Amino acid sequence: MSEQLQPARGTRDLIGEDHRRHQHVIDTARRVAARYGLEEWATPIFEDTRVFARSLGDTSDVVMKEMYSFTDRGGDSLTLRPEMTAGVCRALVTNGLTQSLPQKVFYAGPMFRYERPQKGRYRQFHQIGAELLGTAEPLADAEVIACGWDILRELGLAADVVLELNTLGDRPSREAWRTALVEYFTAHRDKLSEDSLTRLERNPLRILDSKDDGDRRVVAGAPLIEGYLTPEAATFYQRLKDYLTRFGVPFVDNPRIVRGLDYYGHTAFEFVTSRLGAQGTVMAGGRYDGLVAEMGGPATPAVGWAAGVERLSMLLTEAPPAPRPVAVVPVGEVAEAAALDVLQALRQGGIRAEMAYRGNLKKRMERANRIGARAAVILGEAEVARGVAQVKDLATGAQAEVPVADLPARLR
Ligand code: ATP
Ligand code: MG
């Protein structure tokens with residue numbers, strides 16, 4: 001016997017209840033996003049490697065260690081998308097949409113990162129996300145966050161998540177802060193990890209995002225941006241908070257929130273939960289005014305977030321129920337032929353209907369129960385002759401005779 005094949009490490013099959021949870025998260029997000037005027041975009045799952053190398057910066061963890069890149073048969077370097085913001089910005093530019101701003105975008109789909117798999121961390125995972133492109137006002141930040149909060153609320157997770165908010169300031173704020181950080185981290189360089197020593201050279205803000213325990217102890221004493229904000233940046237942050245309060249979105253300040261990517265400024269936030277251990281961030285985002293220009297477009301302000309569908313699915317306390325079909329149950333050969341017409345009429349009438357491929361009355365009724373049918377439409381020769389069927393409610397056991405022509409309406 002040949003060896004049994006397994007799913008690739010860090011990937012999962014979504015079947016049955018797992019798939020229903022997953023789809024419920026996406027459907028809910030899609031519905032709520034539409035209320036905020038977002039339109040769904042679908043961009044390719046793989047892109048020119050430069051799309052991500054440019055947008056994520058060549059020092060980010062994602063680019064350095066996590067990308068699935070390959071050379072295709074034509075010699076082009078391609079990468080399975082590790083996130084979608086870069087693709088959305090690339091698409092904005094290549095479709096000439098920088099001429100029709102703002103664009104409000106929703107997306108959902110698989111992402112790929114070569115990570116160490118663990119609970120809530122996979123190599124193929126799924127994100128839902130929102131991007132508001134072409135808006136510099138803090139009202140846009142508040143709106144996109146409110147949209148995320150509404151999705152989490154609608155999923156029944158309002159009590160499980162906390163919005164942690166921070167500002168990364170404008171460029172002058174960030175530069176002053178960076179200088180202070182470099183000074184501080186240089187003084188503590190003997191306690192930093194190898195990776196963070198590299199970050200210290202190339203992008204010291206990233207040290208704040210390190211998951212290394214030793215780094216985290218050093219980070220705990222690092223200077224906060226608060227002390228370096230320009231008045232403009234401070235005002236922007238205050239206005240965002242005022243809008244969030246007005247929208248009824250609760251938040252806490254967390255000066256330790258930084259995004260792992262270079263193009264963020266001003267708003268940075270995460271929705272976190274204590275229910276998923278180390279993988280507690282379910283939704284994360286911020287303002288990235290520099291990215292569209294990085295893709296070769298005009299300077300275009302933008303703000304957005306992405307959320308992990310697997311992590312949200314795990315948090316759902318109640319799985320969406322399995323669908324309950326109507327079982328068509330013929331008794332005898334004459335009825336079997338007539339039952340096919342009934343089956344087709346029910347399906348075309350919008351009703352989920354099933355018929356076993358074989359079996360006597362007893363077997364077919366057993367199967368109807370096994371698949372969780374809500375009702376059985378029982379047809380014998382006598383019923384066929386009179387153009388009726390017996391409809392049995394499988395929850396209550398109540399049975400009634402119904403004209404075949406009325407079945408779709410009665411069962412809807
Ligand atoms: P983390 O700090 O957990 O590695 P990240 O900063 O790399 O997260 P983002 O790039 O901001 O994550 O992605 C947004 C969201 O996507 C995360 O908050 C998380 O919910 C989800 N996510 C990211 N990477 C994975 C993964 N490998 N498996 C499952 N979900 C993920
Ligand atoms: Mg990560």
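A Cβ is built for glycine as well, from the same backbone N, Cα and C atoms used for every other residue.
Just so you know, TrEMBL annotations never went through curation; they're auto-generated.
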Listed co-binder of L-histidine (same site as E83, M84, T85, Q127, E131, R259, Y263, Y264, source TrEMBL) among R113, R239, R246: R113
Of T85, Q127 (the binding-site residues), the residue whose Cβ has the fewest other Cβ atoms within 10 Å: Q127
Neighbour tally for R259 (L-histidine binding site), based on other Cβ positions within 10 Å of its Cβ: 24
Longest CA-CA distance among E83, M84, T85, R113, Q127, E131, R259, Y263, Y264, per record bound to L-histidine, angstrom: 21
Which same-chain residues, if any, lie at least 6 apart from Y264 (L-histidine binding site) yet have Cβ under 8 Å of it: L168, V258, G286, R287, Y288
